[in-house]
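Student: Please read through the structure below; I'll follow up with questions.
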Amino acid sequence: MAGSSVTPTPLLKDELDIVIPTIRNLDFLEMWRPFFQPYHLIIVQDGDPSKIINVPEGFDYELYNRNDINRILGPKASCISFKDSACRCFGYMVSKKKYIYTIDDDCFVAKDPSGKDINALEQHIKNLLCPSTPHFFNTLYDPYREGADFVRGYPFSMREGAATAVSHGLWLNIPDYDAPTQLVKPRERNTRYVDAVMTIPKGTLFPMCGMNLAFDRELIGPAMYFGLMGDGQPIGRYDDMWAGWCIKVICDHLGLGVKTGLPYIWHSKASNPFVNLKKEYKGIYWQEEIIPFFQSATLPKDCTSVQQCYLELSKQVKEKLSTIDPYFTKLADAMVTWIEAWDELNPTGEGLAKPSISNGPGK
């Protein structure tokens, strides 16, 4: 009997795409084979499009390089970053599935404290398929999880929760630090496994990391734009954080939930802190003004779709952040181009879904 080696029945096999940005051969997929092989992969090749990317046999995938992006989007390809992992969001746009899981190619299978391999994708799916609690914090974290519940004092009228749009996973080994922290703590490793999933409260921003992330494409997909980063841009390594700030403001407005915590992946290697500092240094200054902008951003009630919300946010970015640097005018224009390209490739109204779960009393 090979009880422990039986391949688990994959959840949402035909409803989820795995998006991977890369510049190298995808040998890392071998360790993910038990968990990823049943699913369709969308590989977004960054850098030199003439380079051949090898994918292990047995995976169902489509691969797009820069030539493909230019061919499919035409002039609107200008909104997709080059020489930066932000190019992954092109995969979100061309997917036709309801759910997306995106992972970096230096992220390996982690083990839980008992030594068992963690099926990160399965945990993300569980996070997305059960409600969130953005309007009232539960001190036992996720109340819908087996072995937990709503604590005494939690309003019964709010226990139905809100639809979950985003599941933000974490990392063991190399933490996702900025360059100054990397330089101060070059040997620090994250060894703490915290067995918890929690909803990020309404009105609270967070630094979203794109290396282990899942989301409901129909609920929030058009807002998952990773901005203009990399080649020809004055900033890098803020792609996922920009998307995180945008999606959080929009999720709060639409009454959707964002979860963080489990699952963990094993982040295998640290990027060069000196290279990172060069990419980040403007962002480190700029974020001191960007964060208050997003904290105070409000969207009008007549913005009822993600696209409407995102276009409104782009106007506010141009109006209020362009004084920091002309880059933000360019970024605001790219946000509009992104939505135009999204709607061209998704003409049936994908991404316009409304939350189907109650947003709490009086909503």
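Just so you know, glycine gets a Cβ as well, placed from its N, Cα and C.
What TrEMBL records for this protein is below:
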CARBOHYD  R152  N-linked glycosylation site
SITE      R152  site 'Required for activity'
SITE      R159  site 'Required for activity'
Student: What is the interatomic distance between the Cα atoms of R152 (N-linked glycosylation site) and R159 (site 'Required for activity'), given in whole Å?
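Tutor: R152 (N-linked glycosylation site) to R159 (site 'Required for activity'), Cα-Cα distance: 12 Å.
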Student: At a 10 Å cut-off from the C-beta of R159 (site 'Required for activity'), count the other C-beta atoms across all protein chains.
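Tutor: Its Cβ has 17 other Cβ atoms within 10 Å.
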